[in-house]
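> Below are the structure tokens for one structure; questions will follow.
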Amino acid sequence: MSSAQPVPFLKGHGTENDFVILPDPDGLLELSAGTVARLCDRRAGIGGDGLLRVVRSAAHPEARHMAGDAEWFMDYRNADGSVAEMCGNGVRVFVRHLERAGLVKPGDVAVATRAGVKRTHLAEDGSGVTVSMGPAVLPGGGVTVRAGGLSWPALHVNMGNPHAVAFVGDLADAGRLLETPDVEPASAYPSGTNVEFVVDRGARHVAMRVHERGSGETRSCGTGACAVMVAAARRDGLDPAADGEDATYTVEVPGGTLVITERTDGGIEMTGPAVIVAEGTLDPEWLHA
Ligand SMILES: N[C@@H](CCC[C@H](N)C(=O)O)C(=O)O
């Protein structure tokens, strides 16, 4: 990362999906994949499942076309430094940071992402953030997930980023998830995928584990929880666009709870917490080592 100036950072999380946040309003930081991976390293860096660079849309070539709708662009990177289209927990934490920094007021805030503009709503009482995640796309075709020596049929769901959702007998069946689950056919996911393992907890209430592309097993994934909600609804015979009735599910993740509604227009809304934990300045000696 090239910068002669001190580089500020924050640390935040949403249902324990944690992020390094780098405010860079004018898009001046040159952020290599290696620097992102160093920052997200839990022992030698700050630590995080991913990184949120906070850039004015007008200052970023990938977001300039959205500047009229959303002042701020969430430049999201996975912990290994790879770029991803969207991060559902990240976008909540992103707007919490904007609010805390006095850059937006509670209420409606639009955020530009690589998956388009996402509309968010920051509760006045600071309780949580709701994000309009857009519709799920179900490309169809059979997918199989293998992990922990077992295999399951899975549903391919795209929430701006790719997911394979498998219903399992027990969340422990997926094993330790230290390695990337095998997903077939690989051609269904040319850029890799996030994988969710799901069990039922009650009526319209599920629990999941997730192995994230570029980050490994994490304690939550917002786009993954939305993919799981849609997979559970279809399995339960619900399709709000056809039924003319919204469907709401509670999705438990290891790091907390997300509430997700699919509307009759196909739009998906996710509500959950967003917390800023700390802020500081990167040590220039460490940064430029
Ligand atoms: N944790 C995120 C998803 C982050 C991106 C994902 N790992 C990918 O590569 O698609 C979320 O909360 O949605």
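Backbone N, Cα and C atoms are what each Cβ position is placed from, and that goes for glycine too.
Grabbed the feature section from TrEMBL, which reads as follows:
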- Asn17, Asn78, Gly88, Asn89, Asn161, Asn194, Glu212, Arg213, Gly222, Thr223: substrate binding site (BINDING)
- Cys87: active site (ACT_SITE)
- Cys87: active site, proton donor (ACT_SITE)
- Cys221: active site, proton acceptor (ACT_SITE)
> Given the recorded substrate site (Asn17, Asn78, Gly88, Asn89, Asn161, Asn194, Glu212, Arg213, Gly222, Thr223), which additional residues of the same chain have their Cβ within 8 Å of the Cβ centre, ordered by sequence?
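Close Cβ neighbours, site residues excluded: Gly50, Ala84, Met86, Cys87, Gly90, Val210, Ser215, Thr218, Cys221, Gly224.
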> Find, among the active-site residues listed as Cys87, Cys221, the one whose Cβ has the highest number of other Cβ atoms within 10 Å in the structure shown.
Cys221
> Using C-alpha atoms only, work out the spacing between Asn161 (substrate binding site) and Cys221 (active site, proton acceptor) and round it to an integer in Å.
11
> Give the distance between the Cα atoms of Gly222 (substrate binding site) and Cys87 (active site), rounded to the nearest whole Å.
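Answer for this pair: 7 Å between alpha carbons.
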> With the cut-off set at 10 Å between Cβ atoms, which of these binding-site residues ends up with the most neighbours? Options: Gly88, Gly222.
Gly88
> Please report the distance from the Cα of Asn17 (substrate binding site) to the Cα of Cys87 (active site), rounded to the nearest angstrom.
10
> Drop a 10 Å sphere on every Cβ of the binding-site residues Asn17, Asn161 and tell me which sphere holds the fewest other Cβ atoms.
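Minimum Cβ neighbour count within 10 Å, taken over the binding-site residues Asn17, Asn161, occurs at Asn161.
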> So how far apart do the substrate binders Asn17, Asn78, Gly88, Asn89, Asn161, Asn194, Glu212, Arg213, Gly222, Thr223 get, largest Cα to Cα in Å?
16
> Give the three-state DSSP assignment (helix, strand or coil) for Glu212 (substrate binding site).
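DSSP call for Glu212 (substrate binding site): strand.
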> Using the alpha carbons only, what distance in Å do you get between Gly88 (substrate binding site) and the residue listed as 'active site, proton acceptor' once rounded?
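Computed Cα spacing between Gly88 (substrate binding site) and the residue listed as 'active site, proton acceptor' is 7 Å.
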> If you measure Cys221 (active site, proton acceptor) to the residue listed as 'active site' at Cα, how many Å is it?
8
